[in-house]
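> Summarising the annotation, TrEMBL assigns domain 'Hydroxymethylglutaryl-coenzyme A synthase N-terminal' to 13-186. Sequence annotations record features per position, and here TrEMBL assigns active site, proton donor/acceptor to Glu95, His264. Look at TrEMBL and you will find Cys129 tagged as active site, acyl-thioester intermediate. Under the heading domain 'Hydroxymethylglutaryl-coenzyme A synthase C-terminal', TrEMBL lists 188-470. Taken from TrEMBL, the feature CoA binding site applies to Ser221, Lys269, Lys273. Taken from TrEMBL, the feature region 'Disordered' covers 470-515.
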Amino acid sequence: MPGSASSSCFGPWPKDVGVIAMELYFPSQYVDQAELEQFDGVAAGKYTVGLGQARMGFCSDREDINSLCLTVVQRLMERNALSYDSIGRLEVGTETIIDKSKSVKTVLMQLFEDSGNTDVEGIDTTNACYGGTAALFNAVNWVESSSWDGRYALVVAGDIAVYATGSARPTGGAGAVAMLIGPNAPLAFERGLRGTHMQHAYDFYKPDMVSEYPVVDGKLSIECYLSALDRCYSVYRNKIHAQWQREGSDKHFSLDDFGFLVFHSPYCKLVQKSLARLMLNDFLNHPSPNTETGHFAGLDPFRDVKPEETYFDRDVEKAFMKASAELFERKTKPSLLISNQNGNMYTPSVYGCLASLIAEHTASQLAGQRIGVFSYGSGFAATLYSLRVTQDHTPGSGLDKLVSSLSDLRVRLDSRQKVPPPVFSESMKLREETHHLASYVPRSSVEDLFPGTWYLTRVDDKHRREYKRRPVDDELPAEPELARSSTASEHIPSPVKKMPRIPGAVAGPEATSSK
């Protein structure tokens with residue numbers, strides 16, 4: 001399998017470090033955004049057209065951040081026939097905090113007990129939607145460092161995105177992504193090509209430790225997102241220019257040099273605006289743009305605009321969205337499948353977009369392409385980096401296996417259960433009232449969950465959480481063992497050897513935020 005260590009990997013720079021395998025999990029229930037518009041009494045199209053959202057996945061009181069991550073990690077390990085002792089680093093990126101001290105990563109270590117492997121580095125990383133990217137960078141850096149011992153790294157990004165009743169609620173969602181990291185990967189990080197911008201702002205934050213709901217300054221959040229995109233693109237462009245100059249080339253970098261681009265997606269319309277924003281940057285930085293033909297045709301009136309004055313300029317936005325429409329359809333729109341159908345997942349959002357992009361293309365269409373990835377987390381932190389897809393797309397190759405594992409993503413999304421808005425609203429109310437309680441037994445039906453899903457069975461009087469896993473096959477008996485997040489002595493069953501396809505186990509600024 002790509003990523004397996006050999007003696008040649010222990011040099012100073014392991015070759016092609018990056019993403020070898022991916023697994024996605026999203027909830028088994030969703031609410032239709034058009035029906036939610038009607039239920040909320042807002043104008044038709046506000047959520048579906050204005051935000052670009054079709055469906056929104058949500059969790060009942062049976063699921064929390066621990067159960068999401070238990071599910072996605074075990075499924076990645078099982079579906080890729082990996083042993084737990086092959087993992088040397090495990091790191092979680094999340095902002096869904098249910099304990100101010102104990103990490104989600106330590107809960108996941110229960111899955112490693114049968115293997116006897118406790119030599120696993122890494123811990124949780126938190127900064128809004130950026131935590132998954134920080135965890136990913138840490139994993140890549142570990143593999144490329146003197147600390148690496150030849151084993152894989154495993155990165156998990158998971159969150160439950162919920163908002164109080166009101167205009168921001170339709171930008172919610174939930175899910176988790178697990179990524180296997182190592183050398184000889186089909187999606188390799190391009191070394192030295194990261195543009196980062198970090199700054200202090202209160203655009204979206206969660207100061208109330210009792211509530212799952214954030215405090216949001218929607219307009220400021222959009223401004224922070226777009227300004228971070230500008231800065232990151234500028235830094236990335238400067239770094240790749242420097243590389244090219246060292247190689248003797250004076251080529252000018254532009255969007256044309258990305259085969260595909262994926263973005264953190266709080267809602268789909270912001271992603272479309274973001275690609276237009278990058279075209280604006282290309283236009284303003286081009287020494288002599290052709291405004292007669294091509295992408296920049298008719299854009300001459302905007303030659304002297306200042307980027308920092310255009311975040312909410314409707315004329316600029318409209319002109320560059322039109323100019324970038326063809327690029328958006330080709331380079332970015334395919335990445336919005338999960339975002340459109342499941343909503344915002346916070347830390348996994350951009351990686352759900354990456355998985356969607358892979359699912360919507362063949363291995364031959366992806367081979368050799370550069371994929372630009374923009375990750376943003378409020379507060380705020382952002383990075384634009386790039387992945388290079390391997391040229392090898394032959395049957396059985398790492399890329400072929402990765403594409404195959406995600407190829408039924410649409411089928412999995414369509415296997416979910418649609419829930420009427422009143423039932424969704426009641427479920428949100430139940431979470432609001434109970435998610436922080438001790439001595440609590442969840443009320444929602446376990447039968448509504450996908451096979452193979454870990455779920456919360458109870459919270460005891462000391463806030464210790466216990467979990468079970470639904471069997472992966474209806475013919476298998478229910479697993480009696482409990483997984484308790486407060487101890488390491490509970491027995492966790494070995495990975496199930498027989499793995500059938502598991503449905504859902506995916507191998508206006510004033511009202512919204514950039515989260």
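Note that Cβ sites are derived from N, Cα and C of the backbone, with glycine treated the same way.
Nobody curates TrEMBL annotations by hand; they come from automatic prediction.
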> Find, for the listed binding-site residues Lys269, Lys273, the residue with the lowest Cβ contact count at a 10 Å cut-off, counting only other Cβ atoms.
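Result for the binding-site residues Lys269, Lys273: minimum number of other Cβ atoms within 10 Å at Lys269.
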> List the Cα distance (Å, whole number) between Cys129 (active site, acyl-thioester intermediate) and Lys269 (CoA binding site).
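Distance (Cα to Cα, whole Å): 18 Å.
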> Just to verify a number: CA distance, Glu95 (active site, proton donor/acceptor) to Ser221 (CoA binding site), in angstrom, no decimals.
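That separation, Cα to Cα, works out to 17 Å.
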> Can you give the mean pLDDT for the domain 'Hydroxymethylglutaryl-coenzyme A synthase N-terminal' (13-186), rounded to a whole number?
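Mean model confidence (pLDDT) across the domain 'Hydroxymethylglutaryl-coenzyme A synthase N-terminal' (13-186) is 97.
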> How many whole Å apart are the CA atoms of His264 (active site, proton donor/acceptor) and Ser221 (CoA binding site)?
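For His264 (active site, proton donor/acceptor) versus Ser221 (CoA binding site), the Cα atoms are 13 Å apart.
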> How many angstrom lie between the most widely spaced Cα atoms of the CoA binders Ser221, Lys269, Lys273?
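Taking every pair of listed residues, the largest Cα separation comes to 15 Å.
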> Neighbour count, 10 Å Cβ-Cβ cut-off, for Glu95 (active site, proton donor/acceptor): what number do you get?
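Neighbour count, Cβ to Cβ under the 10 Å cut-off: 28.
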> Within 10 Å of the Cβ of His264 (active site, proton donor/acceptor), how many other Cβ atoms can be counted across all chains shown?
33
> By a simple count of other Cβ atoms within 10 Å, which of Cys129, Ser221, the recorded positions in the record, is least packed?
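Across Cys129, Ser221, these recorded positions, the one with fewest Cβ atoms within 10 Å is Ser221.
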